[in-house]
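As given in TrEMBL:
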type	residues	note
ACT_SITE	TYR47	active site, proton donor
BINDING	HIS105	substrate binding site
DOMAIN	21-256	domain 'NADP-dependent oxidoreductase'
SITE	LYS72	site 'Lowers pKa of active site Tyr'
Amino acid sequence: MFRLNNGVEIPEMGLGVYKMNAGKEMDDAVRYAYEQGYRLFDTAQMYKNESGLGEALEKNRIPRQDIFLISKVDNCNQGYGRTIESFGESLERLKTDYLDSFLVHWPGQNRERMLDTWKAMEKLYTDGKVRSIGVCNFEVCQLEYLLANCKVRPMIDQIEHTPFMHDEKLLGFCRENEIQVMAWGPLLRGNLDEDEIGRMAAGYNKTSAQLLLRWNVQQGIIPIPKSKNKERLLQNISISDFEITEEDMKRMNAMNQNKRTSYDPMVFDF
């Protein structure tokens, strides 16, 4: 377990449910994941599957206190009033009366809107409706602005973080300010045919996915891979029995191409 800057403990890895369909697909994936030790489940209003995750947790009789549940405010729901209102709607869909973390999905380019949204997050946090609050896709300058204008500092920044897309300045800033980094898309969105990654993984008798996940965890970063396959779910969480050498960590870090698979947070707006 890692510990957030407010003392709340958070699992070292989670299951992301982006583009996972409600019903049997979600039900089975959640059951397999829970049976194999996953205790963090990550969704978002934008994914349109909060209800599916809530139903899967209920159908599988997973005790609420056993898991760390995360959702994110959609871009169209930003602003003070709508953030609070949409949070309540997320609780209903997820069949719970609190979240373990609620995140701002994208910063956007409107600083006033971003601060209004954050004030709503602070209200939810101080009212005890969510155990931690944070952001996604925030760059250093956006975090600096937020920290200069907030009452409650963010506990999490969930970003794209792979050997091919990582920002050492951002990671250093988060560490200095005790902001826990989470990694979305840690498995290169399934594009695991990178020859060098495969060769390195074979040297540890591990899969490419296991190497990529271990690379994150070894840096104190929480990866949230997505899978609905029982065997791969088990492989992904079975990474505590090896450690990547310092030399190989440097080799993986040197693969950086600043290669984003989604929007650039410095220009994307809504």
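Numbers run from 1 along the shown chain.
Note that Cβ sites are derived from N, Cα and C of the backbone, with glycine treated the same way.
Model confidence over the domain 'NADP-dependent oxidoreductase' (21-256) stands at 96, taken as the mean pLDDT rounded to a whole number. DSSP gives HIS105 (substrate binding site) a coil state; it is part of no helix or strand. TYR47 (active site, proton donor) carries a helical DSSP state (H, G or I). For the recorded site, LYS72 (site 'Lowers pKa of active site Tyr'), the DSSP three-state label reads strand. Of all Cβ atoms in the protein chains displayed, 22 besides its own lie within 10 Å of the Cβ of HIS105 (substrate binding site).
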